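Presented below is the structure to which this report refers.
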Amino acid sequence: KEGYLVNHSTGCKYECYKLGDNDYCLRECKQQYGKGAGGYCYAFGCWCTHLYEQAVVWPLPKKTCN
């Protein structure tokens, strides 16, 4: 599974500005989804890869980004 890293309290994607390989996104994806996860910056949001099937990613149901 893959998807955008989401802030559970705001419903917003984690923003990033350095597209492609991005240490911030990689670190945040691993912190939220485990050390097997990967991450990079895609379309100014942190995109996480190698997630478990039940991983919660953006968009959150009934939670829009405020």
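Using the three backbone atoms N, Cα and C, a Cβ is placed for every residue, glycine included.
According to Swiss-Prot, the domain 'LCN-type CS-alpha/beta' annotation covers 1-66, on the basis of sequence analysis. Feature annotation from Swiss-Prot assigns disulfide bond to CYS12-CYS65, CYS16-CYS41, CYS25-CYS46, CYS29-CYS48; the stated evidence is sequence analysis. According to Swiss-Prot, the asparagine amide annotation covers ASN66, on the basis of similarity to another entry.
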Item to check | CYS16 (disulfide bond) as reference: those disulfide-bonded residues from CYS25, CYS46, CYS48 with C-alpha within 10 Å of it | outcome: CYS25, CYS46
Next on the checklist: Taking the Cβ of each of the disulfide-bonded residues and counting other Cβ atoms inside 10 Å, which one has the highest number: CYS12, CYS16, CYS48?
Outcome noted: CYS48
Next on the checklist: List the disulfide-bonded residues among CYS12, CYS29, CYS41, CYS46, CYS48 whose C-alpha is within 10 Å of the C-alpha of ASN66 (asparagine amide), in sequence order, or say none.
Outcome noted: CYS12
Checklist entry - What is the nearest of the disulfide-bonded residues CYS29, CYS46, CYS48 to CYS12 (disulfide bond), using the Cα of each? => result CYS46
Checklist entry - Considering only the disulfide-bonded residues CYS41, CYS46, CYS65, which residue has the minimal Cα-Cα separation from CYS29 (disulfide bond)? => result CYS46
Checklist entry - Quick one: what's DSSP say for CYS16 (disulfide bond), helix, strand or coil? => result coil
Checklist outcome for this item: DSSP assigns the residues of the domain 'LCN-type CS-alpha/beta' (1-66) as 11 helix, 19 strand, 36 coil
Next on the checklist: Are there any residues at least 6 positions away along the chain from CYS25 (disulfide bond) with a Cβ closer than 8 Å to its Cβ? List them or say none.
Outcome noted: LEU5, TYR14, CYS16, GLY39, TYR40, CYS41, CYS46, TRP47, CYS48
Checklist entry - Hey, of the disulfide-bonded residues listed (CYS41, CYS46), which one tops the CB count within 10 A? => result CYS46
Item to check | Mean predicted confidence [pLDDT] for the domain 'LCN-type CS-alpha/beta' (1-66) | outcome: 96
Item to check | Spatial neighbours of CYS65 (disulfide bond) that are distant in sequence (at least 6 apart) but have CB under 8 A | outcome: THR10, GLY11, CYS12, LYS13
Checklist entry - If you draw a 10 Å sphere on the Cβ of CYS29 (disulfide bond), how many other Cβ atoms land inside? => result 27
